[in-house]
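Asker: Here it is: the structure, laid out below.
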Amino acid sequence: MPIYHFLRQLQVCGRDQAPSTAKTLHSQIIKLGLHQCGPLPNTLVDVYGKCGFFQYAHYLFEEMPHRDHVSWASILTAFNKANFPNITLSIFPAMFAIDRLQPDHFVFATLVKACAALGATTQGKQVHARYVLSPFCDDDVVKSSLVDMYAKFGLPDNARSVFDSIKMKNTVSWTAMLSGYARSGRKNEAMEMFKSAPVRNLFAWTALISGFVQRGNGIDAFYMFIEMRREGVDIVDPFVLSSIVGACANLAVLELGKQIHSLVIALGYESCLFISNALVDMYAKCSDIMAAKDLFGTMKRKDVVSWTSIIVGAAQHGQAEEALMLYNEMVSAGVKPNEVTFIGLIYACSHVGWVSKGRKLFKTMTEDYGISPSLQHYTCLLDLLGRSGHFDEVENLIKEMPHKPDEPTWAALLSACKHHGNTQMAIRYADHLMSLKLEDPSTYILLSNVYAKAAMWEQVSKVRKLMGEMEVKKEPGHSCIDIGKESQLFYAGETSHPLKKEMFNLLKELEEEMRRRGYVPDTSCVLHDMEQQEKERQLFWHSERLAVAYGLLKSIPGTVIRIVKNLRVCGDCHAVLKLISGIVKREIVVRDANRYHHFKDGKCSCNDFW
């Protein structure tokens with residue numbers, strides 16, 4: 001009788017996630033000598049796993065004299081729940097090697113989830129092959145997990161093949177397939193599947209919307225979200241809100257982000273941690289770092305994502321001192337930083353030239369927190385050293401680092417060489433880049449500019465030829481500005497805007513004042529063979545200048561002008577925007593391809609170090 005009493009009590013602990021009660025019951029079981037009786041050992045492993053005490057679960061599992069399929073399913077699930085899918089896969093071989101057991105459908109489902117979490121495509125396919133050859137090959141639960149796994153791998157055709165073999169398709173398999181198509185950019189198939197879904201509930205809408213957001217199709221995500229609201233779908237789960245907040249962040253649409261924030265409050269989800277984290281990230285990416293800080297300050301509970309979001313946000317806005325201060329507060333609060341935190345911190349140091357602090361943070365990350373540096377960490381450190389002109393240290397680090405530098409790493413170093421006028425090293429790095437299979441069009445443009453500055457016209461021609469062969473086209477420069485609910489997009493050389501005349505007159509008036517203050521156009525970034533006057537005319541019509549002129553004409557006096565540019569701000573426009581901010585006494589915030597620039601009183605938050 002006591003065994004069944006304990007079983008019932010332990011099941012309640014697992015359901016309610018009550019670890020202290022579970023420990024008390026465990027103590028009583030040991031005192032009564034029942035710890036190896038019947039189903040109690042397996043139940044204890046399962047309960048500790050559900051309560052997040054995977055160390056206790058693993059200890060009990062290792063001490064069990066006889067382990068069965070339930071034991072293995074419980075411990076593997078515990079590691080998955082604790083976000084250690086790598087351990088799930090590493091200990092699985094012992095199931096056969098030590099306990100002589102073949103996996104059942106529960107174990108297969110757990111292994112598939114671990115592969116999906118790790119993005120382990122090869123191992124996932126191996127588990128799938130083993131499952132097909134097993135007696136459980138018709139289990140629809142495992143098949144639903146496989147659909148989800150392949151969807152997360154970005155292999156929608158594999159997912160569809162498994163999906164079509166499921167006899168009793170449930171909500172999980174439908175939503176996984178929807179998400180797989182949406183996140184792979186297969187919009188038409190995603191929409192067809194959505195229309196044919198037996199139930200278009202919140203989870204189906206969420207799968208479609210979040211898939212579009214992950215793919216970068218934020219506009220499609222918004223259209224579907226608006227349609228969902230029109231259909232009156234009750235938002236009983238807030239995940240769809242965090243996805244649409246993420247779309248606002250990616251598109252840098254501040255006013256729309258504010259509206260979604262209001263909806264979050266109206267629906268009562270403002271205290272939800274992952275929603276608050278998404279909102280902090282959104283405000284930072286939409287250039288309103290003050291709103292991000294204010295929201296962060298009101299959060300009653302903060303996790304590593306909360307702290308990292310505000311630290312990275314401060315770093316991107318050139319507030320390196322603020323980022324490091326937040327890091328110190330984070331550590332004092334007992335929150336352990338993760339690898340993303342250190343990427344943000346080293347990035348912050350990179351953009352203000354704090355070499356010694358950057359080196360120290362890199363050392364702290366590895367020695368104090370045991371975080372193995374990724375290529376991204378090394379790229380940030382190399383960028384810091386290169387920007388600061390420490391090219392000997394750059395060379396040594398490239399030789400010592402365990403990762404092979406990729407295209408973005410070499411491009412960052414090439415840009416640093418170009419900035420410091422280190423022509424010899426720039427040509428060497430450029431020659432190395434030429435040997436790689438390049439994917440980013442901006443890298444080709446950088447190569448062309450470096451060779452052109454060195455008057456290596458044969459190499460310039462070679463780069464241009466490669467671009468033609470690979471159909472690489474430079475994305476036209478454009479800038480977007482939001483004035484209230486109105487959004488305007490300007491391309492470089494815009495000629496058809498209704499306010500063209502007014503914008504031209506305002507820019508000419510500002511240019512005259514700038515020249516009186518000592519402004520001389522920097523045409524070094526215009527590398528075409530043309531007259532000086534024509535080069536200056538090209539600079540005059542850069543998209544960010546047009547957006548600023550429009551903002552000055554249409555916005556409320558005194559308000560911040562916020563602009564999003566798809567390319568990096570050129571040196572001349574950077575100087576011009578500084579001067580304009582001082583002349584008109586307005587703050588101008590520009591989010592370019594690299595970072596955020598806050599122009600105010602004739603200065604920029606990047607301190608001209610970008």
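Backbone N, Cα and C atoms are what each Cβ position is placed from, and that goes for glycine too.
The model shown is predicted, which means the values in this text are computed figures rather than measured ones.
Found this in TrEMBL, in case it helps:
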REPEAT    170-204  repeat 'PPR'
REPEAT    303-337  repeat 'PPR'
REPEAT    374-408  repeat 'PPR'
DOMAIN    518-610  domain 'DYW'
Asker: Taking residues 6+ outside the repeat 'PPR' (303-337), which of them lie with a CB under 8 Å of any CB in it?
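Answerer: Answer is 273-274, 276-277, 280-281, 283-285, 287, 289, 292-293, 296, 343-345, 347-349, 351-352, 354, 357, 365, 369, 595-598, 604-607.
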Asker: Under DSSP, the repeat 'PPR' (303-337) has how many residues in helix, strand and coil?
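Answerer: The counts are 26 helix, 0 strand, 9 coil.
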Asker: I'd like to know the mean pLDDT over the repeat 'PPR' (170-204).
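Answerer: Taking every residue of the repeat 'PPR' (170-204) together, the mean pLDDT is 93.
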Asker: Summarise the repeat 'PPR' (170-204) by DSSP state, stating how many residues are helix, strand and coil.
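Answerer: Tallied per class, the repeat 'PPR' (170-204) gives 26 helix, 0 strand, 9 coil.
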Asker: Counting each residue once, how many in the repeat 'PPR' (374-408) are helix, strand and coil under DSSP?
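Answerer: Reading the DSSP string over the repeat 'PPR' (374-408) gives 25 helix, 0 strand, 10 coil.
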